[in-house]
Amino acid sequence: MVSTVIANIGELVTNDPTVGDGLGIVRDAALVIEDGKVAWRGPSSDAPAADESFDAAGRAVLPGFVDSHAHLVFAGERAEEFAARMSGQRYDGGGIRTTVERSRAASDDELRATLRRIIDEMARQGTTTVECKSGYGLTVEQEARAVRIAAELADEVTYLGAHVVPTEYKDDTDAYARLVSTEMLAACVPHARWVDVFCEKGAFDADQAREILRAGIAAGLSPRVHANQLGEGPGVQVAVEVDAASADHCTFLSDADVEALASSQTVATLLPGVEFSTRQPYPDARRLIDAGATVALASDCNPGSCYSSSMAFCIAVAVRDMHMTPAEAVWSATAGGARALRRTDVGHLGVGARADVHVLDAPSHIHLAYRPGVPQTAAVWKAGRKV
Ligand code: NIG
Ligand code: FE
């Protein structure tokens, strides 16, 4: 495989905790990519020769974004639902069933095409690791199909049979939870690494969530939880109890929830695009960070609560409205996402890391929040391959 040197980097964000401030920034740097990995990094003046070279021309270089939460196996869209929300309608997750209906009727190729389109859209914006959930099938066959298709293109696959209770089971939600933890789980395990539950009023309660997560763990999957999105509830506590890698949303948290997150390995994954697109209050990132919790930022890209795949947009909102510093937000969208996926090979640019490299069309990472809405991706490598 050819080696590539990226030279004349004005600001290299390494996320190396032993270098400088929180982002491990190195100035006037160069980086060498070989065999899909970071092979060398150091002062630009010492850069070794390589087969190919790329002149960063003084711009900033970051690790690729790690988008640790997305729902990308679906058909149809729900623009009308968004418009209705902007005229005052509340988001309650009810629209998920509309997407279930559309997705069930779609062919494999249709689902695959949408998934590919969005993962490409993400890559062009600097996202190099994508987690993708099932959850719009909600039958044994449909969920198995969703995780199988997700596994073709996404880096991380999550089984979310427990997204909502499908209409067929509305009078016996326990029977559906049982199906999710038995036959459906068995059909999905071969294609997934994670098991997720939407633990929320109107979806799955704490007991059902525990049953499903524990069954997933027993089958070899690792847990993550949709928690405290629409109101306070047991989601975060259940997530911490099962040592989930991540509790996602965390919009409505009690002091006990914040404390539980801060004293656990469970990452609080915040999804500001959802609050933007549902007109909910933003989660309190400052409170979590100040308490000592690890915070990740992710898109939650899906046709309902947030149809944006832009991590730069999440960063801008997190800085402007959630009181994160630009450095904290960039860390959370890269290293934080990696923590939420329990990955050590992505989210940083140390020697040996996967060569996921994002060259910004800007001199510093601050510009991601400073110039919201402006495309600022100049070049991207994913696992050493130029996008
Ligand atoms: O993360 N909360 C549940 N699931 C998604 C929304 C999915 C949808 O509305 O289609 C979320 O917000
Ligand atoms: Fe989600």
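All positions are counted from 1 along the displayed chain.
A Cβ is built for glycine as well, from the same backbone N, Cα and C atoms used for every other residue.
Binding of 4-imidazolone-5-propanoate is attributed by TrEMBL to ARG78, TYR136, GLN229, SER305, and the same site annotation extends, among HIS69, HIS163, HIS323, to HIS163. Zn(2+) binding, as stated in TrEMBL, involves HIS69, HIS71, HIS226; the candidate among ASP155, ASP300, ASP321, ASP345 given for that site is ASP300.
The two recorded residues, ASP300 (Fe(3+) binding site) and TYR136 (4-imidazolone-5-propanoate binding site), show a Cα separation of 14 Å. When the binding-site residues TYR136, HIS163, GLN229, ASP300 are checked against ligand 2, ASP300 have a Cβ within less than 6 Å of one of its atoms. Across the residues annotated as binding N-formimidoyl-L-glutamate (TYR136, ASN302, GLY304), the two Cα atoms farthest apart lie 11 Å from each other. HIS69 (Fe(3+) binding site) is 10 Å away from ASN302 (N-formimidoyl-L-glutamate binding site) when you measure Cα to Cα. Using a 10 angstroms CA-CA radius around HIS226 (Fe(3+) binding site), the binding-site residues that qualify from TYR136, HIS163, GLY304 are HIS163. For GLN229 (4-imidazolone-5-propanoate binding site) paired with GLY304 (N-formimidoyl-L-glutamate binding site), the C-alpha to C-alpha distance reads 14 Å. Ranking the binding-site residues HIS69, HIS71, GLY304 by the distance of their Cα atoms from the Cα of TYR136 (4-imidazolone-5-propanoate binding site) places HIS71 first.
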